[in-house]
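Report on one structure; see the data block that follows.
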């Protein structure tokens with residue numbers, strides 16, 4: 001999966017020889033701790049990467065310089081990916097969830113493969129098997145929780161699903177415990193440290209990839225607009241930062257990514273905020289984007305239909321006095337969601353890129369250009385989604401903090417699963433509370 005993995009592994013030296021030569025050939029700015037990591041994982045000079053551009057593009061762009069050739073390759077493949085993104089949105093929420101799952105698996109594969117190439121060079125057992133087993137366990141836990149939350153009626157209707165739901169967390173813990181015991185049994189003398197490094201590697205990968213993909217699906221259930229707008233803002237920022245940097249970039253932004261510039265960073269910010277406002281305005285007018293994704297038990301399918309909330313109803317806002325003279329307007333009509341889109345696009349522009357910087361530092365640590373060569377000119381799937389995972393966490397926290405309120409339907413679902421005596425107790429308690437507040441008495445008088 002990695003570019004030039006055979007060349008990368010060919011120069012791996014045994015552990016003892018690496019420790020003797022750890023002070024040689026350091027990267028710029030490398031510390032002693034970096035050298036120790038190299039000696040443990042097998043440091044090497046950067047392996048040259050092969051040209052993964054399709055032959056048809058190579059022939060069509062053969063007369064261009066490498067700079068402009070890369071610009072056109074990235075541009076063409078970007079348009080292809082955006083087209084694919086529109087297609088899966090058109091296919092509906094179920095397809096989107098499947099795509100999220102596929103992306104999660106591919107990203108996990110790319111990161112684990114890097115560790116496996118190092119680990120396999122020492123002929124140590126079970127790393128890849130255990131990594132995929134832990135992926136299965138974590139997905140079973142998270143998606144089992146999702147099924148219980150959003151498909152409650154279906155779960156209660158089917159006896160096997162009801163049993164699995166009732167003991168879901170115990171089953172998840174038992175599965176994880178099995179993998180933990182398998183890891184302990186796989187430990188090999190003289191390589192304990194490396195094996196524990198890789199155990200931590202797997203769990204950090206699970207934290208970054210699986211947890212974030214689970215949050216993306218939760219955001220999708222709140223309404224497709226909470227899925228599409230944040231992802232689109234990250235895509236827009238990535239494109240516009242590249243464009244501004246390509247044409248106007250002069251000042252380096254961060255050493256981890258030498259090609260990133262302040263001009264691209266600032267230009268991408270303003271372009272993304274404007275894009276977020278426009279996209280939010282367009283999407284807020286369609287129920288298929290703004291309504292929560294719910295499972296219809298009668299048709300056994302997802303439905304997206306509701307009365308739009310206040311977030312997606314046009315409101316009139318007063319323009320600050322400072323701007324009134326400039327714009328010539330006193331008020332403006334806009335959707336409240338557009339105000340929230342400013343927060344989303346700002347995060348995508350200012351904080352989101354740090355996910356990319358983090359990925360760049362990771363790749364520099366292992367002297368690789370990309371996580372994989374799946375997409376010509378772009379690298380691997382993880383190279384395209386390194387900022388999306390950080391964005392998914394922010395959106396989920398933002399919804400929980402500022403948007404989502406109590407959900408009466410979930411309370412009713414839980415109420416219906418109680419025993420009759422428990423239901424009667426809650427009914428009497430609620431009735432007494434409403435009588436004390438005068439609500440129930442007022443209704444009866446009416």
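Cβ atoms are placed via backbone N, Cα and C, with glycine included.
Automatic, uncurated: that is what TrEMBL annotation is.
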Which listed span TrEMBL calls transmembrane segment, if the choices are 170-188, 284-302, 303-321, 360-378: 170-188
Contact between the transmembrane segment (337-359) and the transmembrane segment (170-188) (at least 3 Cβ pairs under 8 Å, separation 6+): no
Same-chain residues near the transmembrane segment (195-217), Cβ under 8 Å, at least 6 residues beyond its ends: 40-41, 97, 100-101, 103-104, 107-108, 111-112, 115, 119, 124, 127, 130-131, 134-135, 138-139, 142-143, 146, 183, 186-188, 227, 388-390, 392-393, 395-396
